[in-house]
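Colleague: Relevant sequence annotations retrieved from Swiss-Prot are reproduced here:
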- 7, 8, 9, 10, 66, 123, 127, 131, 191, 192, 193: substrate binding site (BINDING)
- 61, 62, 63, 64, 65, 66, 76, 77, 83, 105, 140, 141, 185, 195: FMN binding site (BINDING)
């Protein structure tokens, strides 16, 4: 397979300094809304979460953005999972949105802070009951003998909680990533991409154009 021969050109647009919001969260919101309105992405909220464990080994996976504001960017997971363990050992993480049909990427670096029980309960019980039961049934990242074993356990729990509220597992909850740095990337012709980095300077954000 000759991957080196594969070529594509970027030409959907450009990104100029005067087009940027002074506030990176507002810039993120602008691009997120455009991504949603484009109907070109199956899920614009899907983002790569990169973590590093105590042995300095990196790992990454796709999670879903469930909310954001000037405090940070929120997602939910099983805290006993690989990513949860990584975050407990090293809260410095990176988020990455790859909106390839729009020739855009957003990178965010920050610290992941656990959400409180009230927030976790509120979101957990807003989910479909089937999803709540699935969270209860799965010991995420642990070995399982077969799919049948997992399905059988799930169906048993689904029956148990058919007419009662599903308790949120203590291992299930969310994190808020407090951003320290953003980068907005727009594909450009001849690989001369437009890149802008937002870096926190005390209470303000400093915007720097980066070479592609």
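Any Cβ shown, glycine's included, is placed from N, Cα and C.
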Colleague: Helix, strand or coil at residue 66 (substrate binding site), per DSSP?
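Modeller: The residue in question, residue 66 (substrate binding site), is coil (DSSP, three-state).
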Colleague: Just the number: how many Å between the Cα atoms of residue 61 (FMN binding site) and residue 127 (substrate binding site)?
Modeller: 21
Colleague: Need this for a regression test: binding-site residues 63, 65, 76, 83, 140, filtered to those with Cα within 10 Å of residue 193 (substrate binding site). What's left?
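Modeller: Taking 63, 65, 76, 83, 140 one by one, none has a Cα falling within 10 Å of residue 193 (substrate binding site).
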Colleague: By a 10 A CB contact count over all chains shown, which of the binding-site residues listed here is most packed: 7, 66, 127, 191, 193?
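Modeller: Answer by Cβ density within 10 Å: 193.
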Colleague: What is the nearest of the binding-site residues 7, 9, 127, 191 to residue 65 (FMN binding site), using the Cα of each?
Modeller: 127
Colleague: Per DSSP, to which secondary structure element type does residue 185 (FMN binding site) belong, with helix, strand and coil as the options?
Modeller: strand
Colleague: So, in DSSP terms, is residue 76 (FMN binding site) helix, strand, or coil?
Modeller: strand
Colleague: For the C-alpha pair, I'd like the distance in angstrom between residue 185 (FMN binding site) and residue 191 (substrate binding site), rounded off.
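Modeller: It is 12 Å, counting Cα to Cα.
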Colleague: For the binding-site residues listed here (61, 83), which one has the lowest count of neighbouring CB atoms within 10 Å of its own CB?
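Modeller: Relative to the other binding-site residues in 61, 83, 61 has the fewest Cβ atoms within 10 Å.
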Colleague: Considering only the binding-site residues 7, 9, 127, 191, which residue has the minimal Cα-Cα separation from residue 76 (FMN binding site)?
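Modeller: Of the binding-site residues 7, 9, 127, 191, 127 has its Cα closest to that of residue 76 (FMN binding site).
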